[in-house]
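Pasting the feature list from TrEMBL:
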type: ACT_SITE; residues: K194; note: active site, schiff-base intermediate with substrate
type: BINDING; residues: E232; note: Mg(2+) binding site
type: ACT_SITE; residues: K247; note: active site, schiff-base intermediate with substrate
Amino acid sequence: MIRRNRILRTSPAIRAMVAETILTPSDFIAPLFITEGENVREEIASMPGYYRHSLDNTIKEARELWSMGIKSVLLFIKCADELKDNKGTEAVNPDGLMQRAIKGIKQAIPEMVVMTDVALDPYSSYGHDGIVKDQEIVNDVTVEVLARMSVSHAQAGADIVAPSDMMDGRILAIRQALEANNFDKVGIMAYSAKYASCFYGPFRDALDSAPGFGDKKTYQMDYANSREAIKETLMDVEEGADIVMVKPALAYLDIMRMIKDRVTVPVSAYHVSGEYAMVKAAAKMGWLNEEKAVLEILTSIKRAGADLIATYFAKDAVKLLQS
Ligand code: PBG
């Protein structure tokens, strides 16, 4: 034998030397679920170990994340039922929970990169990501609201808005609206390749945002397709996206790799709620070692091309990396 592949696997030291993919805290974006109230900390039933926090506790959580080296949070709010409508009224309320949360976090930790979810579903009486008319999700009217919503988040101090709705043309409309309002330092992280996935189930429990009728297949992508992901992503880059995203992550690593090979902007992955729940459930049954699974999964996502990973395991992963 003249080639012995096992030589480079001999010891932990040599394995560390030749490891190609190293996770670090600044890879992670921590999603946060925010609810009204004071000192509220509600565990999400289908996401054991993950919580909806009131704003005061959210700020504590954000401080802890920052102290651990995590640079970014992605904000989601749980909107009260009585504030939901079919117009996105609460989504653009300058005193809404989202807008107050952005202000509160930026005030407490000015350096933290605050990203915000831009989509109507948490605010929609129909649980859809857009304005509904005759059982249809109307594209262009929705895009106008998303642009106003983005400006409202920017006014509150958001660093990056993250449209997760999959309407056509929204990135350009948002960029133009930000420019028109002099927010030339506010970026856009586009959920570019977002699939209609069963893995969002626990998230919809967390925000009480499940669609009231039908599904999201007329706007989110069909998981049978890959070339469509390239089309969507290249268009978002042309329209002004600073970061593009593939979502979910683990079942879509082929998409991640294709996108990474085709764009020059940073690519982010969303390791979604259902992916978190699967690991938690198997670990609870004693069928998987949670800590090992977390590091293997997150490393695989980065190896596939992700520059950034939004994950509910962000804090756990940093602790594991440090130990
Ligand atoms: C809202 C939104 C969803 C997620 C992020 N933003 C749900 C959906 O599209 O139905 C899912 C995140 C997760 O499952 O962790 N547009």
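Backbone N, Cα and C define each Cβ position, glycine as well.
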Could you round the CA separation between K247 (active site, schiff-base intermediate with substrate) and the residue listed as 'Mg(2+) binding site' to a whole angstrom and send it over?
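K247 (active site, schiff-base intermediate with substrate) and the residue listed as 'Mg(2+) binding site' have their Cα atoms 13 Å apart.
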Distance between K194 (active site, schiff-base intermediate with substrate) and E232 (Mg(2+) binding site) at the Cα atoms, whole Å?
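If we compare the Cα positions of K194 (active site, schiff-base intermediate with substrate) and E232 (Mg(2+) binding site), the gap is 9 Å.
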For K194 (active site, schiff-base intermediate with substrate), just count the other CB atoms lying within 10 A of its CB, please.
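A 10 Å sphere around the Cβ of K194 (active site, schiff-base intermediate with substrate) contains 27 other Cβ atoms.
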Can you see whether DSSP assigns the residue listed as 'Mg(2+) binding site' to helix, strand or coil?
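Looking at the DSSP assignment, the residue listed as 'Mg(2+) binding site' belongs to a helix.
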